[in-house]
Structures are given as structure tokens and as C-alpha cells.
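Trainee: From TrEMBL, here are the annotated features:
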type	residues	note
DOMAIN	54-197	domain 'SIS'
DOMAIN	223-282	domain 'CBS'
DOMAIN	291-344	domain 'CBS'
REGION	1-21	region 'Disordered'
SITE	Lys72	site 'Catalytically relevant'
SITE	Glu124	site 'Catalytically relevant'
SITE	Glu165	site 'Catalytically relevant'
SITE	His206	site 'Catalytically relevant'
Amino acid sequence: MGSLPPSLDLPPPPSKNPQHERVSETTLFNLFKAQQGYLNYFFQNLDLSQALSFTETLLNSQGTIFFSGVGKSGFVANKISQTLVSLGIRSAFLSPLDALHGDIGALSATDILVLFSKSGSTEELLRLIPCARAKGVYIISVTSVPNNALANACDMNVHLPLERELCPFDLAPVTSTAIQMVFGDTVAIALMGARNLTTDQYAANHPAGRIGKSLIFKVKDVMKKQDELPVCKEGDLIMEQLVELTRKGCGCLLVIDEEYHLLGTFTDGDLRRTLKASGEAIFKLTVGEMCNRKPRTIGPDAMAVEAMQKMESPPSAVQFLPVIDRQNTLIGIVTLHGLVSAGL
């Protein structure tokens, strides 16, 4: 194959200069220490009365709490809004650009609009204010530069003290956005406490995630039952129950009487130990002779996460728990594999 014509030659990969690409542990440590100092400056100089007024205003909102911002501040505003939504508080992110092209229609006189801007001179937000005010919205600015245009144009301003950015040029918004996030998330948790949000309510807003599952799922939601149960009677010969021991995928037999009361369990580990200790005599042994008569059990209404904790508790972990009712009747089995598969 001939060489490519000059116009199609690919440029060489960028050369590496180790002197410019290395970051020493000392440099990184010093940066973290510096950022810690800048964050401490924020905590030490924050006007708590302003923060409290802001928090109480959001708490008393009768409408939707809208957040807006541009660039990195916009990302922070969006994240804080989503945090409030996850706590069951009506909130939404309003893009300042989209607002000026129709989305301003989402605002009503009972709403609050919170504008995040480090400088307080963001043009897009300043253009948004008269439009929002025409809708009767209460407007709050959250800024870091004193005496800025945005603060002067809003109904309330919260000043977030900023010593400087961690960026060596004092330009990249890496400290200002950090304190915005800390401020917004702290206020969110204050609102969570004031509204007496319960774990059940929180879980209801997170049904698909691990948090929600651990707070919502009960044993009866994840257990195997009926035909899925590897059951046998105590008089059954061990060797006649090998298929049942393996085919249900539970790694055990659940030993029951005629009324389905749980008498004990016999695991594949018990099988190996019995075979090693008894040799050929195993062919005459019954499950009832070798089963564990005091297995760990759990009720159907217990939380699934409690089942996992019970499996992992001392003196030794187990892979399953028989599920019984108050009359010791077997109604299911929950396995570690099943809990993991459910996302717990």
C-alpha cells in the first residue's frame, strides 16, 4: 500500500513531558490543606442570620422552589434542586436561557426563585429578574461578591464568604462552587429535619436505588415460596433427597412435619460432614438424624436488610434463612444470593 498523500497524513501523537505531568504528594497535600483553609474561611464568616432567613423562607414556601444558575453555578443549582425533590419538597431547575424562551410560564406567584452566581453579575440571570418579578415570584440571590447587581435586584440575598479560589489564577470556580454545594445541601438537610421526614417517606422517593430497597423491601418481597422450597420430612433418607437438595438452588433442605412446621435444616455442608464422618452408613441415615434443629430463622415482615445482617452475624455466616410465621409454619426461604440479586 502506498503512503497517504500529504493532505491526509495524520499528526503525530502529542509528546509527553514528564516534568510537566507529574504531581507530587506534597503538592497534592498542600492543595487539600489550602482548600480546607478556604472552606474554613467560609464557615467562620457565614452570616447565620442570613442562612436562617433563607432556610425559613424555603420551609414556608407554598409553591415550587425553583433554582437557576449559569455554568458551574448552574450545575450546583440543579443538584440542590434534585436533592430537595428527593426529600419530597417541590423543586425544579429553571434554565435562565430557556426561561426567556417560554419556560418562564412555569412560575407562579406562590413560587420562590433562587439564583446562584458567584459574581452576582451574570447577565442571563439579571435579564431573568424582571420577567420573574412580573410573575409575582419571590426572588433570592446566593452570591459571593459583595454589593453586586444581582443582590441589589432581588428580594433577599445570601452572601457566601469566599476568600479566593483554589485555582492559582484565582479564576476557575473550584472553591466557590464547593461552598455553594455545602451551603445548599446543609440547608436541604435542615429542611428535612424541620419537616420530620421519616425513613419510610425517604425510601418512597428512592424505590429503585439501594437506599430505597434497603428501607422498603421486606423479607416477603424477596423470599422463595411454595414450589420453590426444598422441603423434606425428617424420616426421609439423606441419599434420597440429594436431588431436592441441589435442584432448588438454596443449598439446603428444609425439614418439616405434616403441618408444615419447621423442624430443622440440612445443608450441603452438613452432607459433606456426614459423609466424611459416617462413610457408607450415610445410606441408612435420615435427614432428621443429622439436621440442625435450631437454625436461624426470620419472619416475613422483617426488613430484607435485617435478613442480610442476620445471615452475616456471628458465630458464622449462613447463606439462607427459613421464613416462618408465628406458629413456626414454614412459608418461605430467603437466600443471600436472592438478596444480592434484588440489589441489597
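Every residue number used here counts from 1 along the chain in the order it is shown.
Every residue, even glycine, has its Cβ placed from backbone N, Cα and C.
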Trainee: Measuring Cα to Cα, tell me the gap between Lys72 (site 'Catalytically relevant') and Glu124 (site 'Catalytically relevant') in whole angstrom.
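Mentor: Here the two Cα atoms lie 14 Å apart.
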Trainee: If contact means at least 3 Cβ pairs within less than 8 Å, sequence distance 6 or more, would you call the domain 'CBS' (223-282) and the domain 'SIS' (54-197) in contact?
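Mentor: Per Cβ check, the domain 'CBS' (223-282) does not touch the domain 'SIS' (54-197).
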Trainee: To the nearest whole angstrom, state the Cα distance for the pair Glu124 (site 'Catalytically relevant') and Glu165 (site 'Catalytically relevant').
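Mentor: The separation of the Cα atoms works out to 23 Å.
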Trainee: Quick one: average pLDDT across the domain 'SIS' (54-197), no decimals.
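Mentor: A mean pLDDT of 96 is what the model gives the domain 'SIS' (54-197).
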Trainee: Measuring CB to CB from Glu165 (site 'Catalytically relevant'), give everything in the same chain under 8 Å that is also at least six residues away in sequence.
Mentor: Tyr38, Leu171, Ala172, Pro173, Val174, Thr175, Ser176
Trainee: Could you break down the residues of the domain 'CBS' (223-282) into DSSP helix, strand and coil, giving a count for each?
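Mentor: So the domain 'CBS' (223-282) is made up of 28 helix, 17 strand, 15 coil.
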Trainee: Could you give the number of helix, strand and coil residues in the domain 'CBS' (291-344) as assigned by DSSP?
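Mentor: Secondary-structure breakdown of the domain 'CBS' (291-344): 15 helix, 15 strand, 24 coil.
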Trainee: Taking DSSP states H, G and I as helix and E and B as strand, how many residues of the domain 'SIS' (54-197) are helix, strand and coil?
Mentor: 65 helix, 23 strand, 56 coil
